[in-house]
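Asks: To start, I am sharing the structure in question, which I have written as structure tokens.
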Amino acid sequence: MTDRYAVIGNPIGHTKSPLIHGLFAEETGQDMAYTAIEGPLEPHEAFAETVRAFAATGGRGMNVTAPFKLKAFAMADQSSERAELAGAVNALKFEDGSIIAENFDGIGLVRDIEVNLGLPMAGKRVLMLGAGGAARGALLPFLSARPIELVLVNRHVDKAQALAAQLSARGPILACGYGDLEAMGRFDLAVNATSASLTGDLPPVPPSVFSHQGAAYELAYGKRLTPFLRLARNAGVCTFADGVGMLVEQAAEAFDWWRGVRPETRAVIDRLTVPLD
Ligand code: NDP
């Protein structure tokens, strides 16, 4: 029997997940169907009811996107440490009546940077802008990649400070505000995990953080050269990327978790890439 999966979000019309998982299923020969579900925003419990109904009618797993990542975490019976830290999940598996939750965004991001872009983070100075769901999901995977220093910056600096305090035993992480960045020197890798690019805005980051041999990564995708990437390019950064590789890599992690087989990602990334220039 064909196994059923879905992505749930609202709005959901923009999602690339059915295309990505359809290509993965074709490539790996898996008998599965993957659809998109527009989740209900109201009343509060309607989201959980929709997920439970999908599982009760034979659904095997779901991807979860905005604005439901927190609600999905809250309804799970089990979740991984990185999901706990993020307080948000982007993948669910339904097994023996239980809902198991994972957050693959951070692993997907690290894999895109280290494997696809060929930029190992070990021994490097890394700057992360933003302390929302995506940044939170990335912190443990980033520290596992052993940078010499991970600096977390947020507009509301208290959020960044709380995260850095929570993770201080796991690696060299520190938090600061945008106003402190001029004094922080250059970074080998600067990652924009804010949502500023979705509205064409630029976080107040000074060009002095970028280094000439360094890299700049924008989590938003399909938006060409965002103000952040443009600033980095003008500052002389030589490697740029947007989040399309992260999107495909997190999908591959979920696929492997569900199906026990890891699909190839290169051709799918190429197919979804919108050139930056
Ligand atoms: P959240 O809403 O959870 O967090 C938003 C973050 O952005 C907060 O830290 C907020 O700061 C900060 N922010 C918003 N506007 C500005 C601004 N103008 N200047 C400075 N900081 C700002 O969003 P997510 O973490 O879910 O998403 C962040 C980005 O990552 C989005 O662009 C999203 O599309 C992308 N993303 C990409 C994925 C991929 O697969 N490529 C997967 C998931 C997300 P404050 O706390 O101070 O308000």
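FYI, residue positions are counted from 1 along the chain as it appears here.
Here the Cβ of each residue, glycine as well, is placed from N, Cα and C on the backbone.
Automated prediction, rather than curation, is the source of TrEMBL annotations.
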Asks: TrEMBL records E81, G130, A131, G132, G133, A134, L219 as NADP(+)-binding residues. Which of G58, G106, G243, G245 is assigned to the same site?
Replies: G243
Asks: Of the candidates D31, D105, D201, which one does TrEMBL list alongside T15, K16, S17, T65, N90, Y221, Q250 as binding shikimate?
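Replies: Same shikimate site in TrEMBL: D105.
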Asks: For the domain 'SDH C-terminal' (243-272), report the average pLDDT of the model, please.
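Replies: A mean pLDDT of 98 is what the predicted model shows over the domain 'SDH C-terminal' (243-272).
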Asks: Hey, which bits of the same chain come close to the domain 'SDH C-terminal' (243-272), Cβ under 8 Å, at least six residues off its ends?
Replies: 5, 16-17, 19-21, 23-24, 27-28, 30, 32, 60-61, 63, 90-91, 93, 102, 104-105, 107-109, 111-112, 116-117, 217-222
Asks: I need the neighbours of the shikimate site defined by T15, K16, S17, T65, N90, D105, Y221, Q250. Which other residues of that chain put their C-beta within 8 angstroms of the C-beta centroid, in sequence order?
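Replies: Counting only non-site residues, the set is V7, N63, L247, A251.
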